[in-house]
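Below: one structure, written as structure tokens.
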């Protein structure tokens with residue numbers, strides 16, 4: 001039978017509930033337990049797929065094609081378990097399900113209300129499909145007191161009574177701010193947060209307290225007394241240099257022991273932390289440094305590229321080097337020469353994006369990388385712009401463009417209207433809804449033998465996650481290949497280009513998919529490991 005850990009947050013947002021949940025999952029896994037992580041998001045969007053990256057951050061795509069919260073990326077990176085569409089739900093999805101049921105008459109004429117209908121829908125989501133797991137960790141988005149989160153709080157309160165005795169534990173993540181004028185850490189914000197949580201009927205078993213310095217024993221006793229929590233269950237969560245230090249730090253503070261003790265599991269099996277200790281050691285003791293320029297459209301909010309950033313760091317871990325990131329807004333290169341910005345970097349990465357804004361800057365970045373022999377990694381939109389650059393400057397197709405930007409006589413990149421998924425043909429139209437209508441999730445690709453990318457993967461058959469509407473037009477394949485750009489990977493049916501590369505370039509690869517979504521600190525993605533290795537070689541030349 002699965003045991004449930006509910007993680008809530010208080011005082012302020014962005015305290016790191018997702019990292020805390022992921023780290024706890026990793027610690028329980030290290031003890032041999034089977035762990036599942038789920039995220040409950042209070043916003044009214046059905047999913048984050050149509051939300052602005054500069055407002056919500058990255059949209060994390062699962063193998064089965066769900067557009068989910070970026071915290072699911074943390075869950076995957078820390079536990080190695082691939083998430084599914086059933087691991088994330090929003091208020092919007094819950095209400096949509098309920099309204100659909102009401103329209104079908106499933107409620108048999110009953111008045112549909114928050115209690116019991118909304119709360120039951122939430123409870124069903126939390127408890128379904130957990131037969132194969134020992135622990136289910138549920139993160140509740142937002143902060144205690146948010147009006148949007150109230151149905152979720154009520155649902156997890158009810159679950160405390162619905163589930164068998166001793167199978168639900170509540171962890172509350174709070175902030176203990178340091179006041180310089182007083183020269184001390186303050187407990188009052190945490191006290192008020194717990195008081196508000198208790199007013200909702202939820203009594204936390206464990207307090208996970210964020211702080212930028214050691215919490216004195218006297219302050220722990222104070223929190224224990226006023227928050228009605230065992231002193232041993234007041235766990236300090238101190239700031240660390242890397243998020244991959246968090247599992248070790250939480251284990252040192254006894255979080256996993258306290259969770260298991262709250263479930264009555266004593267003595268608990270000892271954790272195997274060697275892999276995490278090796279990662280932490282590699283991060284602390286790099287043997288070199290490389291600088292990677294990220295030429296993007298959403299550089300104002302780094303969370304828009306969360307998985308990408310982490311995948312680059314994973315490449316650094318694989319090569320025992322520190323990865324320094326230079327963020328460049330792509331629009332800059334539409335007005336200025338890229339050379340002063342890019343001459344000193346060791347690699348250029350152009351990530352995914354949508355829309356015409358900044359596209360010419362990305363094209364100019366690709367041209368600089370091609371001509372100057374600087375390692376270039378184009379992902380999704382970054383691959384498309386590299387192909388447009390080749391079409392214009394190598395194949396002489398001056399009007400080469402993407403139909404995403406409007407009508408064009410030379411649609412080197414165009415809207416996909418149909419593609420094969422499994423054994424079924426999927427179709428889309430330009431007039432269709434934006435939400436959930438892209439080519440989403442894991443698709444297979446066939447790599448051309450003897451190409452650089454096939455050598456990196458070590459296999460001609462790969463599966464990677466996609467999120468795009470537009471695709472390089474296969475009708476231009478022969479003209480582009482005659483100019484030196486090799487289409488090194490195609491969809492199994494040979495219709496959709498998946499990867500491109502220049503054989504005469506040290507490292508120039510474009511991919512239509514998002515390899516960053518499958519990279520892990522304990523298992524770096526081969527493309528990122530190879531890209532950073534190429535950047536390391538470049539650093540010796542600059």
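Every residue, even glycine, has its Cβ placed from backbone N, Cα and C.
Taken from Swiss-Prot, the feature region 'Amidoligase domain' applies to 1-265.
Taking all protein chains in view, 27 other C-beta atoms sit within 10 angstroms of the C-beta of residue 190 (CTP binding site). The CTP binding site feature in Swiss-Prot is assigned to 13, 146, 147, 148, 186, 187, 188, 189, 190, 191, 222; the stated evidence is sequence analysis.
A helical conformation is recorded for residue 188 (CTP binding site) in the three-state DSSP classification. The UTP binding site annotation in Swiss-Prot covers 13, 186, 187, 188, 189, 190, 191, 222.
Swiss-Prot lists 14, 15, 16, 17, 18, 19, 71 with the feature ATP binding site. Take the CB of residue 15 (ATP binding site) and look out to 10 A: across all protein chains shown you find 19 other CB atoms.
Around residue 139 (Mg(2+) binding site), taking its Cβ as the centre, 28 other Cβ atoms fall within 10 Å, counting all chains. For the recorded site, residue 139 (Mg(2+) binding site), the DSSP three-state label reads strand. As annotated by Swiss-Prot, Mg(2+) binding site applies to 71, 139, with the evidence given as sequence analysis.
Residues annotated as domain 'Glutamine amidotransferase type-1' in Swiss-Prot, with sequence analysis given as evidence: 291-541. Averaged across the domain 'Glutamine amidotransferase type-1' (291-541), pLDDT in this predicted model comes to 90.
What Swiss-Prot records for 353, 381, 382, 383, 384, 404, 469 is L-glutamine binding site. In this view, residue 383 (L-glutamine binding site) is surrounded by 27 other Cβ atoms within 10 Å of its Cβ, with every protein chain counted.
The active site annotation in Swiss-Prot covers 514 (among others). Classification of residue 514 (active site) by DSSP places it in coil, neither helical nor stranded.
Annotation source Swiss-Prot lists active site at 516 (among others), citing sequence analysis. Cβ neighbours of residue 516 (active site) (same chain, under 8 Å, six or more residues apart in sequence): 307, 308, 310, 311, 379, 525, 528.
In terms of C-alpha distance, the listed recorded positions 14, 384, 469, 514 place 14 closest to residue 186 (CTP binding site).
Closest by Cα distance to residue 190 (CTP binding site), from the recorded positions 14, 71, 353, 469, 514, is 14. Among the binding-site residues listed here, namely 13, 71, 191, 71 has its C-alpha nearest to that of residue 383 (L-glutamine binding site).
Summarising the UTP site geometry, the residues cited as binding it (13, 186, 187, 188, 189, 190, 191, 222) extend over a maximum Cα to Cα distance of 23 Å. Here the Cβ of residue 147 (CTP binding site) has 8 other Cβ atoms within 10 Å, regardless of which shown protein chain they belong to. Applying an 8 A CB threshold to same-chain residues 6+ apart, the list for residue 353 (L-glutamine binding site) reads 296, 297, 298, 362, 380, 381. Taking 15, 71, 139, 191 as the binding-site residues under consideration, the smallest Cα distance to residue 469 (L-glutamine binding site) is found for 71. Here L-glutamine is bound by 353, 381, 382, 383, 384, 404, 469 per the record. The longest Cα to Cα distance in that group is 14 Å.
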